[in-house]
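Shown next, in structure tokens, is the structure this report addresses.
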Amino acid sequence: MQIVRNIDDLRQEVAKLRISGAPVALVPTMGALHRGHVALVDAARSRGCEVVVSIFVNPTQFGPSEDLDAYPRREAADAAMLDGAGATLLWAPDVATMYPPGFATSISVGGVSERWDGAARPGHFAGVATVVTKLFQQVKPDIAFFGEKDFQQLAVIRRFVADLDIDIEIVGVPTQRDDDGLALSSRNAYLSPEERVTARTLPRALGEAAAAIGRGGDVAAALAAAIARLAEAGFDPIDYVALVDAASLEPIDRLDGPARLIAAARLGGTRLIDNLAVEPAP
């Protein structure tokens, strides 16, 4: 696996990859990789793709009081993991390459970005949309793979790709979880051993709510029960627990089509997010 750090080298190497005729896939990441990221590479390889992975800790998607400086950076270990997973190319630009002096453009996606994490983290999705658009322009992939754990992010990306007529297939890959159900996340490393035990309450509370709603139970009651369980376990604040339309992310109060149960809450100093598909019980 090659590692490239400037745009000219990236474009030359991607052009070489295209000679084989195989599709080129992009897996955007911020590093601190885990099995969830490997699953994205695996999904791309299963489609017969040459796999380009980007690692860039994007400052424009962090708020002023968030964890930009603390976010884990371990490129050597990440590169070894990607090499073992079969990635073809690692694109690892620095901040000056991505945001050179005079950079003045931001992409704002209305609607789907405005609630939930968009409300809790002002400016976050503009940063995401801008950097992902740049990565798309730099790599020009045929397909891009994103984890469903960041479900609102995936919805935002699908929205601007459709709105801007970007000819890239967007593939969502199911959330990868630890044995106790906690969604894999680079930020799980922030949890103390005690918090890590408590954190499993989040997927369990969501699972119970999803099952209740799927059985035809009252949506408001199921959401209230999940919030109460999280509060009792020590999550504070609880930003949201909501049942939403899977495409628009607008809140819904009954199952009429594809739906998602989404949640975000803080445990100690760590903000955790998760989501589950909700379907009517057979």
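Even glycines carry a Cβ here, placed using N, Cα and C.
Feature annotation from Swiss-Prot assigns ATP binding site to 30-37, 147-150, 184-187. Ala32 (ATP binding site) falls outside any helix or strand according to DSSP and counts as coil. Cβ neighbours within 10 Å of Ala32 (ATP binding site), excluding its own Cβ and spanning all shown chains: 20.
Just so you know, the Cβ of His37 (active site, proton donor) picks up 27 other Cβ atoms within 10 Å once every protein chain is counted. What Swiss-Prot records for His37 is active site, proton donor.
Summarising the annotation, Swiss-Prot assigns beta-alanine binding site to Gln61 and lists sequence analysis as the type of evidence. Cβ neighbours within 10 Å of Gln61 (beta-alanine binding site), excluding its own Cβ and spanning all shown chains: 21.
As annotated by Swiss-Prot, (R)-pantoate binding site applies to Gln61, Gln153. DSSP assigns Gln61 (beta-alanine binding site) to a helical segment in the three-state reduction.
Listed in sequence order, His34, Arg35, Gly36, Lys149, Thr175, Gln176, Arg177, Asp178 are the same-chain residues six or more apart from Leu184 (ATP binding site) with CB atoms under 8 A from its CB. In this view, Gln153 ((R)-pantoate binding site) is surrounded by 21 other Cβ atoms within 10 Å of its Cβ, with every protein chain counted. Looking only at the binding-site residues Gly36, Gly147, the densest Cβ neighbourhood within 10 Å occurs at Gly147. Taking a C-beta cut-off of under 8 angstroms and a sequence separation of 6 or more, Met30 (ATP binding site) has the following same-chain neighbours: Ile55, Phe56, Val57, Asn58, Tyr71, Ser186.
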